[in-house]
């Protein structure tokens, strides 16, 4: 009886911890998105310099990552040759810098709610690029689902009250670069047995991003910042914003480490709906019924996609267990046969 109660208490504690990690990740992801919107939007803080903001984040995060790995030794650095770094990490850093630059730029032109709706295209982009790079197998059923997600997002875009073509182009570009980055991580790193958690990712990738972003920054934003009072650095705003960005990476580390990547995907859907509600109720962005209908269709498609991924993972785990039990049975049979032969020899 006591053992059963202890077991149930342990399960309850694990469930509470899992929900706590999910809540922390949703809160921090929510905060970073709204904070970035506040800084970049011309109607709010009015500091429309997305490259500079991204560089501040990368500089802060890479510095803290070095301290956590080299000084406090929170996690071990991954052993990596210079050639592997240049061929694998640098291309990923280039794509990440482009993705962050474009996604932050989109906040200047689009509402938070509409950006979240456009982000629903991420599974479509990841699957399509995966098929093109031969990392995913083409399946007509999966592609039909991807088309339904795209159709839902198209309806949401059609119903957008403050549609901005340039903003949509920036956000779609960010989705495309991010999807390519995710696929390349599998091809260039995971396939080679190199697994980077969010802290080691920042340690290796953030300095790359800083270097790549400095090139467009010198020509696009630096001249404007130099010639205006916008060059004044607000330590409170940018300091707290950078802390939130780094804390979000730690939250991803905790969430994926203690639960799973699929849990993060499901939590991401909840976060998107909360952001849409916040954008409509607090920021007073216009959310039309056509917006919601289109995003609802895309949401169902994304939900079905996540369900299929979960079923595939379960089937894979079950197959591994069957294989393991077969191997164990084979070893037992071999042991019995060898024991029988020994007995025959002794007789």
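Cβ coordinates are placed from backbone N, Cα and C, and glycine is handled just like the others.
Among the features that Swiss-Prot reports, transmembrane segment is placed at 15-35, 49-69, 89-109, 112-132, 143-163, 165-185, 205-225, 235-255, 263-283, 286-306. For 38-155, the entry in Swiss-Prot reads domain 'EamA'. Swiss-Prot lists 325 with the feature phosphoserine, giving a large-scale study or a structure entry as the kind of evidence.
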TODO: Mind checking which residues of the chain, 6+ beyond the ends of the transmembrane segment (49-69), have their Cβ under 8 Å from one of its Cβ atoms?
DONE: 36, 39-40, 75-77, 97, 100-101, 104-105, 107-108, 199-200, 202-203, 206-207, 209-210, 213-214, 216-217, 220-221, 224-225, 230, 238, 241-243, 245-246, 249
Task: Proximity verdict for the transmembrane segment (286-306) and the transmembrane segment (143-163), three or more C-beta pairs under 8 Å - done: yes
TODO: For the transmembrane segment (263-283), find every same-chain residue at least 6 residues outside the stretch whose CB is under 8 Å from a CB in it, and list them.
DONE: 18, 22, 25-26, 29-30, 33-34, 37, 111-113, 116-117, 119-120, 252, 255-256, 295, 299, 302-303, 306, 309
Task: For the transmembrane segment (15-35): best-contacting stretch of 89-109, 112-132, 143-163, 165-185, 235-255, by Cβ pairs under 8 Å - done: 235-255
Open item on the list: Suppose you look only at the domain 'EamA' (38-155); what would the mean pLDDT be?
Closed with: 94
Task: Helix-strand-coil residue split for the domain 'EamA' (38-155), DSSP-based - done: 90 helix, 0 strand, 28 coil
